[in-house]
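The following features are taken from TrEMBL:
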| type | residues | note |
| --- | --- | --- |
| DOMAIN | 15-484 | domain 'Major facilitator superfamily (MFS) profile' |
| TRANSMEM | 12-40 | transmembrane segment |
| TRANSMEM | 52-73 | transmembrane segment |
| TRANSMEM | 80-98 | transmembrane segment |
| TRANSMEM | 104-125 | transmembrane segment |
| TRANSMEM | 137-156 | transmembrane segment |
| TRANSMEM | 162-183 | transmembrane segment |
| TRANSMEM | 303-319 | transmembrane segment |
| TRANSMEM | 339-358 | transmembrane segment |
| TRANSMEM | 370-390 | transmembrane segment |
| TRANSMEM | 396-417 | transmembrane segment |
| TRANSMEM | 429-452 | transmembrane segment |
| TRANSMEM | 464-484 | transmembrane segment |
Amino acid sequence: MVFRKPPDGGWGWVIVVVSFFTQFLCYGSPLAVGVLYLEWLDAFGEGKGKTAWVGSLANGIGLLASPVCSICVSSFGARPVAIFSGFMVAGGLMMSSFAPNIYFLYISYGIVVGLGCGLLYTATVTITCHYFDKRRGLALGLISTGSSLGLFIYAALQKQLIDLYGLDGCLLIVGALSLNILACGSLMRPLESPDSPPAEKTSVDKVPDQYFVYHEKEKTVEENISILEKGYIDEKCANNIPDYKQDSILNKNVLNSINVNEKDSYKKKVVEQTNFCKQLAKRKWQLYLNYWEETMVLFKNKVFSALFVAILLFDIGGFPPSLLMEDVARSANINEDDYHMPLISIIGIMTAVGKLILGILADFKWVNTLYLYVTTLLMTGVALFAIPFAKSYLTLAMLSGILGFLTGNWSIFPYVTTKTVGIEKLTHAYGILMFFAGLGNSLGPPIVGWFYDWTQEYDTAFYFSGFCVLLGGFLLLLAALPCWNACTNQSSKLPPNTYSYKVASSA
């Protein structure tokens, strides 16, 4: 499909609005799963590491399947994928209300809801990037605040619903709210090229000629019959042969002609279908080869290779606070009377602020988005190291706000990816990067939970988390140093549609 130049407005703002509400509705419950996490600990009596798998799968499985999600969006379009995924998210949440054990939640909440969220995230990001170029940072920042606002509202909403209707009733109501994704998905109109010729032929007219062998057979039979009838009339007039004998001869000749043409047509059909299958298999195999070749080309880019390591380590260390911060406060024996707002809600609202501000900063020409992203990674690592020293609600709330704001770097990550590999390779590259992000999301909370089960405190776990995030930030910073760009420019020229980061250049 050929896309025309992004309009940076018009229907694109409708896309921004519906993508915002799509992420709000699908990610509200999975991101605020920390409220449900406490209920599941009490309901099923399993360990913290084992129970944490539910929330980590819900937030990680969709990212793990990002290559598949990207293929689905590329093949079917954002609108069909969004509508189908809306049913998945709503169905998974409603199924989770009937969960008899933690293993059922792994499938219903972790896999079904998580995969639906992954499909919706890829669809919203991809179609927004198609509609915006100059204002892409602002557009991505706006739609990504939907998930953060969902975290802020759903944290309080789910807690209130649990008090009123219990855990099962809460999941049923939240699942019903997710059905509004269907209305949002129906408005995701694709941005197709207006220069593409309209479909003038019907579906029957578009069928290749090799599939009309029976039509050719009937035409050949009719021609033979007409020729035989003409010869029959001439011969009858010349020889004056009785009619019944002439009819017998004519029928015999016609039958012989039909049998010969049927055999020829059948053989021709078998040969053509065999060739068609061979060509189809060859074409599909070539597509797979091209996919892996393009993947290898992407990893030859040092910045892209460092991005996948950084996003993996960032999600291993940076995601657990949004899931476990409430349990961190409970483990620190903080009095519930001191609670003015759930810590997860603070993370959610500050993530929305961070996504919006960082998205706006990415649109300034004097801001290098790669170095901006690296800065957020390094600051996140420092904040994670400070969590073990927080022993009061105020300090935990401040750290939650800082971590939430820095987690807003998700809004500029697609922007960095687009500038690194180009808009043509965005879907492919973003799918690969999101796979590693999902791996980090899936492993982070269980690792922190296992550290607690092992040491009976969270200090060691968050030291490990901070180290992972800092390591990823430093590796990405090293890959983006100007000396690497100078060496690359001397050895070979960059392929088209790639982006070279320099200290003096602007993103």
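One is the number of the first residue shown, and numbering goes on along the chain from there.
Including glycine, each Cβ sits where the backbone N, Cα and C put it.
Among the recorded stretches 52-73, 137-156, 339-358, the one sharing the largest number of Cβ pairs closer than 8 Å with the transmembrane segment (104-125) is 52-73. Scored by C-beta pairs under 8 angstroms, the transmembrane segment (429-452) has its highest count with 52-73, from the stretches 12-40, 52-73, 80-98, 303-319, 396-417. Three or more CB pairs closer than 8 A are found between the transmembrane segment (396-417) and the transmembrane segment (339-358), so contact between the two stretches is assigned (pairs 6 or more residues apart).
Contact between the transmembrane segment (303-319) and the transmembrane segment (12-40) is not supported, since fewer than 3 Cβ pairs fall under 8 Å when only residues 6 or more apart in sequence are counted. Note: the stretches the transmembrane segment (162-183) and the transmembrane segment (370-390) are not in contact (fewer than 3 CB pairs below 8 A, sequence gap of 6 or more).
Nonlocal intrachain contacts for the transmembrane segment (339-358), taken as residues 6+ away from its ends with a CB within less than 8 angstroms of a stretch CB, comprise 31-32, 34-35, 141-142, 144-145, 147-153, 155-156, 159, 321-322, 325-326, 328-329, 372, 376, 393, 396-397, 400-412. Over the domain 'Major facilitator superfamily (MFS) profile' (15-484) the predicted model carries a mean pLDDT of 78.
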